[in-house]
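Shown next, in structure tokens, is the structure this report addresses.
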Amino acid sequence: MVLPNILITGTPGVGKTTLGKELASRSGLKYINVGDVAREGALYNGYDEEYECPILDEEKVVDELENQMAEGGAIVDYHGCDFFPERWFHAVFVLRTDNSILYKRLETRSYNEKKLGDNIECEIFQVLYEEAMLSYKEDIVHQLPSNTPEELEDNINQILRWIEQWVKGHNP
Ligand code: ADP
Ligand code: MG
């Protein structure tokens, strides 16, 4: 059976991990957190002093994930999307959260003031949505609101239906 690969992206704090894990457990697809993959393999090529975090070695991350992506059936979670091969993904979901709600979520993380402010700005200027629209065919990119538990549930159900349709259409 062929299975689709799905990318869940968006500004830090919008709920990618929450949605991705729940979706994986309900669909049976595998969940891949790119940040964790990088950490486990130390796939870094520098350190960002301003953001106080290591810099992802995008080429190494792509090499590391290539086999799993070729297999299909992956839900990939990352706050960036322009360095993945376009052919990997059959759907890209960009989560969106209102500023005040996002601010409250990010406040609980140990981000410095600059990083917190930049992340809020990233959401206001819809940086990830535009990155997704530039990196993938527009008709596979979908924005989903991610403010409340009800919206989370709606998003899960919507993506589960999308997976079901895709699987039906690709497994005659
Ligand atoms: P990300 O992986 O995008 O950084 P997380 O999944 O870690 O975001 O979510 C950040 C915080 O927001 C968590 O505390 C999570 O429980 C909460 N959260 C995520 N999605 C929603 C939602 N739709 N409604 C309410 N809270 C949410
Ligand atoms: Mg996360």
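Even glycines carry a Cβ here, placed using N, Cα and C.
No curator has checked TrEMBL annotations; they are predicted automatically.
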Can you tell which of Arg109, Arg161 TrEMBL lists as binding ATP with Gly13, Gly15, Lys16, Thr17, Thr18? Arg109
Students should find that the region 'NMPbind' stretch in TrEMBL, chosen from 33-56, 57-80, is 33-56
When TrEMBL is consulted, the range among 20-30, 108-118 described as region 'LID' turns out to be 108-118
Among Gly13, Lys16, Thr17, Thr18, Arg109, the binding-site residues whose C-beta sits under 6 Å from ligand 2: Lys16, Thr17
Counting each residue once, how many in the region 'NMPbind' (33-56) are helix, strand and coil under DSSP? 8 helix, 10 strand, 6 coil
To what whole number does the mean pLDDT across the region 'NMPbind' (33-56) round? 96
